[in-house]
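Undergrad: Provided herewith is a single structure, encoded as structure tokens, for subsequent inquiry.
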Amino acid sequence: MAGSMTIWFFVVLSISILLSWTNPRGETLKSFSLSPLYSSTQSASSSNEDISGLRYDFYHETCPQAESIVRTHMARLYSDHNNVSAALLRLFFHDCFIEGCDASVLLDDSNGDKNHSIERQAIPNQTLRGFDKIDSIKEELEKACPGVVSCADIVSIATRDGIMLAGGPFYPVLTGRRDSIHSYFNEALAAIPRPDDNITQTLHLFYLRGFDERETVSLLGSAHNIGKIGCEFIQKRLFNFKGTGQPDPTIAPDFLTEMRMRCQDSNRTTTRPSSSSMASLEMSESAVGMSYLQALSSSISSGAGFDTHYYQSLLSGRGLLFADQQLMANEKTARLVRAYASDDGSTFRMDFARAMMKMSGLNVLTGSQGQVRRNCSLPLVSS
């Protein structure tokens, strides 16, 4: 009976997310090309499995307490460090965006060999945080169910639970991913969106992964809704935009003054921002930087982390990253920004949940593909 109720809950939830395909306020279906949540969402509701091989409650028999362990551990981590949600969201994004959700970004098997470059050494990944948090969850799962739960599934589940702890929406995470034995250094260098990308470049990179304008705008909103953006990622925009020696001319003078006060040029000399990722959230609690909530004028109210303040900031010209403010430079994305900013946040939250479900299924390894690592940083040694 309990199993039937669980599956029925998943069916109802899938239907509710399908209903989110209704457009944001003021939009028409003709404005967007909406890709499916999963191409087999309807069959997933009936067969409990999607075409990628992922299944709901995959560990029901092999490790029934798996998701409970992740959830409990994430609650402890969040109570001590509430920036863990932003850290894992960014880690998830960087993993899934390069060759799919396969935990390849976690690999650290260079053994000091400078000729063996690994994904996490690529410039966009050098500021990633949360590796130790995934390792701590993996240790608990290995005690309960040795060699069963993949690191890729841990990242996906822990990210969803962290989002909920930060005030974000619930969305179902199908499981059964397996871990890659390869790391993708060159791909990470080339394909992670950058903070200085224009809207054409940003949309192109997301399109290559199957995301349309609406999904892209909702994912960017989630990436920058929580956490803090480090000064290193906006320094060039403030002091040397595109090598001109001047600030970005599109920044409002009062906002430029405010950002410069927070991010002094003399204290922020670095070469990393030009190649760092779109979701460039600084995870250090003591980091100097700004959140989008801080960037809003005092006249704009904001509630939980997952509300519309990111989109409101863009409407008022207060986007921290050039790539974010560029969402207002394209007719379709600007219309979406206005739509998301115009209601209570429910449209954004539903679209975000749908896009995260889609991203969590990108190019996953299942069945006999890949492996289940015992240590998330190291591939299994072949016997």
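Here the Cβ of each residue, glycine as well, is placed from N, Cα and C on the backbone.
Annotations for this protein, taken from TrEMBL, read as follows:
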type	residues	note
BINDING	Asp95, Gly100, Asp102, Ser104, Glu119	Ca(2+) 1 binding site
BINDING	Pro193	substrate binding site
BINDING	His224	heme b binding site
BINDING	Asp307	Ca(2+) 2 binding site
DISULFID	Cys63-Cys145	disulfide bond
DISULFID	Cys96-Cys101	disulfide bond
DISULFID	Cys151-Cys376	disulfide bond
DISULFID	Cys231-Cys263	disulfide bond
DOMAIN	53-380	domain 'Plant heme peroxidase family profile'
SIGNAL	1-22	signal peptide
SITE	Arg90	site 'Transition state stabilizer'
Undergrad: Which whole number is the mean pLDDT over the domain 'Plant heme peroxidase family profile' (53-380)?
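TA: When the pLDDT values over the domain 'Plant heme peroxidase family profile' (53-380) are averaged, the result is 86.
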Undergrad: Can you give me the same-chain residues 6 or more apart in sequence from Glu119 (Ca(2+) 1 binding site) with a CB-CB distance under 8 Å?
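TA: In sequence order, the residues whose Cβ lies under 8 Å from that of Glu119 (Ca(2+) 1 binding site) (at least 6 apart) are Ile98, Ser104, Val105, Leu107, Asn125, Ser183, Tyr184, Phe185, Glu187, Ala188.
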Undergrad: If I take the alpha carbons of Cys376 (disulfide bond) and Arg90 (site 'Transition state stabilizer'), what is the distance between them in whole Å?
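TA: With the alpha carbons as reference points, the distance is 17 Å.
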Undergrad: Within 10 Å of each Cβ, count the other Cβ atoms and name the one among the disulfide-bonded residues Cys96, Cys151, Cys231, Cys263, Cys376 with the highest count.
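TA: Answer returned by the neighbour count: Cys151.
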Undergrad: With the Ca(2+) 1 site defined by Asp95, Gly100, Asp102, Ser104, Glu119, which remaining residues of that chain have Cβ atoms positioned within 8 Å of the Cβ centroid?
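TA: Same chain, not in Asp95, Gly100, Asp102, Ser104, Glu119, Cβ within 8 Å: Cys96, Ile98, Glu99, Cys101, Ala103, Val105, Ala152, Ser180, Ser183, Tyr184.
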Undergrad: Taking Cys96 (disulfide bond) as the reference, which of Cys63, Cys145, His224, Cys263 (the recorded positions) have a CA within 10 A of its CA?
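TA: Close recorded positions: none.
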Undergrad: Within the chain of Gly100 (Ca(2+) 1 binding site), which residues six or more apart in sequence place their C-beta under 8 angstroms from its C-beta?
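TA: Set apart from Gly100 (Ca(2+) 1 binding site) by at least 6 residues yet with Cβ under 8 Å, we have Leu362, Asn363, Val364, Leu365.
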Undergrad: Calculate the distance in Å between the alpha carbons (Cα) of Asp95 (Ca(2+) 1 binding site) and Cys63 (disulfide bond), and round it to a whole number.
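TA: Pair distance, Cα basis, whole Å: 24 Å.
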Undergrad: Consider the recorded positions Arg90, Cys101, Cys151, His224, Cys263 and say which one has the Cα lying nearest the Cα of the residue listed as 'Ca(2+) 2 binding site'.
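TA: For the residue listed as 'Ca(2+) 2 binding site', the closest Cα among Arg90, Cys101, Cys151, His224, Cys263 is found at His224.
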Undergrad: Counting only residues 6+ apart in the same chain, whose Cβ is under 8 Å from the Cβ of Cys101 (disulfide bond)?
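TA: Phe92, Asp95, Ala152, Val155, Ser156, Arg177, Met359, Ser360, Gly361, Leu362, Asn363, Val364 - these are the non-local Cβ neighbours of Cys101 (disulfide bond), listed in sequence order.
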Undergrad: Given the binding-site residues Asp102, Pro193, His224, which lie close to Cys151 (disulfide bond), meaning Cα to Cα within 10 A?
TA: Asp102
Undergrad: Looking at the recorded positions Cys63, Arg90, Pro193, Cys231, Cys263, which has the shortest Cα distance to the residue listed as 'heme b binding site'?
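TA: Nearest by Cα distance to the residue listed as 'heme b binding site': Arg90.
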Undergrad: Going by Cα-Cα distance, pick out whichever of the recorded positions Arg90, Pro193, Cys263 is nearest to Cys63 (disulfide bond).
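TA: Closest recorded candidate to Cys63 (disulfide bond) by Cα: Arg90.
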Undergrad: For the residue listed as 'substrate binding site', which of the recorded positions Arg90, Asp102, Cys145, Cys231 has the nearest Cα in space?
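TA: Result for the residue listed as 'substrate binding site': the nearest of the recorded positions is Arg90.
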